[in-house]
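Asker: Right, I'll just put the structure down here and ask away after.
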Amino acid sequence: MLRYDLRRRKLAIALSGLAGFVDAIGFLSANGYFISFMSGNSTRLGVALGTSASATLIPASLIAGFLCGVTLGALVALRAGGRRKPAILGLVALLLLISATARALGHETAMLATAVLAMGAINNTFQRGGEVTVGLTYMTGALVRLGQGLALWLVGKAEPGWIQWGLLWTGLLSGAVLGGLLQSRLPFGCLWIASAWAATMALVAVRLPAES
């Protein structure tokens, strides 16, 4: 996060907001399961395996779908090369558009399936040398770095910009608040908004210089 310029940092924060927005919609639609936070689903899968095997299908399916989305996004990134950001975000916008259409047609399972693919794919947006540099759908690492930065600040050794990790987390939190509000008030419109959000971010990414 700290290695990127201001425009890319802003893009990362906006995309973490999108991830929080979509995850909140999925959480409320899937009875407390997540479509972008796989640590939570992994815990629920483990609990189900230990208590009720019949409850394993949903978390296992969501984890598998997320993994497929990451794989699909990685393939697109490899193909797009230096233009991977707009390519991946275009894919995310398309998947969310399909998800919104599925909900409009009353196919909630298909809606969740395509949304979880989108959330897996979006994590390929920020990478270097094939390694993810900014996780957009999970914030544990960001909070750890924020805590480490706070510790260094307290002893007068903080690196410039460490608060950016807090802004990344705040982006996800703000998106989740908005997603929760719109899911309850505009359930058939919120995923169209998510798709438009991703498409707008793809257009923003087009204007960024190509990367190696």
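Using N, Cα and C of the backbone, Cβ positions are placed for all residues, glycine too.
Whatever TrEMBL says is automated annotation, not expert-curated.
What TrEMBL shows for this protein is this:
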type: TRANSMEM; residues: 12-35; note: transmembrane segment
type: TRANSMEM; residues: 55-78; note: transmembrane segment
type: TRANSMEM; residues: 87-104; note: transmembrane segment
type: TRANSMEM; residues: 162-182; note: transmembrane segment
type: TRANSMEM; residues: 189-210; note: transmembrane segment
Asker: Please work out which recorded stretch in 55-78, 87-104, 162-182 has the most C-beta pairs separated by under 8 angstroms from the transmembrane segment (12-35)?
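Answerer: Answer, by Cβ pair count: 162-182.
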Asker: Give me the stretch from 55-78, 162-182, 189-210 with the greatest number of Cβ pairs under 8 Å to the transmembrane segment (87-104).
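Answerer: Ranked by Cβ pairs under 8 Å, first place goes to 189-210.
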